[in-house]
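This is the structure, below, for whatever I ask next.
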Amino acid sequence: MAELTALESLIEMGFPRGRAEKALALTGNQGIEAAMDWLMEHEDDPDVDEPLATPLGHVLGREPTASEQGPGSTAGEGKPTLSEEERQEQTKRMLELMAQKQREREEREEREALERERQRRKQGQELSAARQRLQEDEMRRAAEERRREKAEELAARQRVREKIERDKAERAKKYGGSVGSRPSPPTEPGAVPSSPSQEPPTKREYDQCRIQVRLPDGTSLTQTFRAREQLAAVRLYVELHRGEEPGGDQDPVQLLSGFPRRAFSEADMERPLQELGLVPSAVLIVAKKCPS
């Protein structure tokens with residue numbers, strides 16, 4: 001039974017003649033399967049229907065020469081004609097082959113798509129794990145920073161308490177306790193009372209000042225200020241933290257010192273606490289300031 005040429009078979013299967021000739025030429029006339037593979041791989045190429053610049057190989061679709069026809073054939077002998085049944089059978093085989101190639105291509109593309117999806121999920125999981133590790137590191141550093149700040153704050157408060165206690169002990173040692181707590185020793189006639197100390201006490205510099213403020217309602221506020229802060233900072237603190245009084249707006253306050261009795265003026269508000277003698281600690285009294 002005579003068979004169709006590769007070019008005729010591709011045309012029978014519905015491929016355009018130009019595209020079929022190009023596929024056979026570019027695959028080196030290795031057969032219809034190679035041409036079909038090329039056609040299915042390049043069917044979406046924008047230049048698939050453009051003709052070749054120069055023909056490759058022998059001219060497609062020409063009559064075979066006597067040497068190509070084999071022994072017993074003549075150059076002028078015509079090509080055997082296929083019956084309709086033979087043509088349909090051969091076309092059927094080619095279509096089955098084409099369907100098989102299409103299935104193989106789809107399976108390959110499906111495997112490649114599954115592999116790409118697997119790689120995408122793997123990369124997503126790795127990125128999510130890296131982001132989670134980064135967040136955990138940031139939370140751990142933030143917690144360590146909070147613990148360090150809290151430890152420094154506690155240490156600073158402890159140092160202030162220790163300085164206050166040392167100051168109290170030094171003042172008690174200097175003045176020997178409260179007045180009248182101990183009887184004075186008898187003096188001999190003609191003896192000159194000795195002075196407490198011939199050397200002046202060493203003046204210490206304090207960085208902070210602990211102020212206790214007594215409010216008119218009997219409550220008190222205690223706050224630590226810097227020694228160089230103005231007295232106005234103490235007044236502002238009192239005005240912000242004293243309780244609400246009935247009857248509307250709050251009246252301005254007047255700050256008094258308990259001992260020695262002293263009322264601080266507006267000029268004093270701009271003076272530092274250490275200059276007013278309120279360092280390292282002092283007790284102030286709040287009295288209502290009559291509006292002028």
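The backbone N, Cα and C atoms fix where each Cβ goes, glycine too.
As annotated in TrEMBL:
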- 1-42: domain 'UBA' (DOMAIN)
- 42-209: region 'Disordered' (REGION)
- 82-118: compositional bias 'Basic and acidic residues' (COMPBIAS)
- 133-173: compositional bias 'Basic and acidic residues' (COMPBIAS)
- 204-286: domain 'UBX' (DOMAIN)
Over the domain 'UBX' (204-286), what does the predicted model average in pLDDT?
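Here the predicted model's pLDDT, averaged over the domain 'UBX' (204-286), is 85.
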Near the compositional bias 'Basic and acidic residues' (133-173), which same-chain residues lie under 8 Å Cβ to Cβ, leaving out any that are not at least 6 residues past its ends?
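Residues 204, 206, 208, 210, 224, 280-281.
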Residue counts in helix (H, G, I), strand (E, B) and coil for the compositional bias 'Basic and acidic residues' (133-173), per DSSP?
41 helix, 0 strand, 0 coil
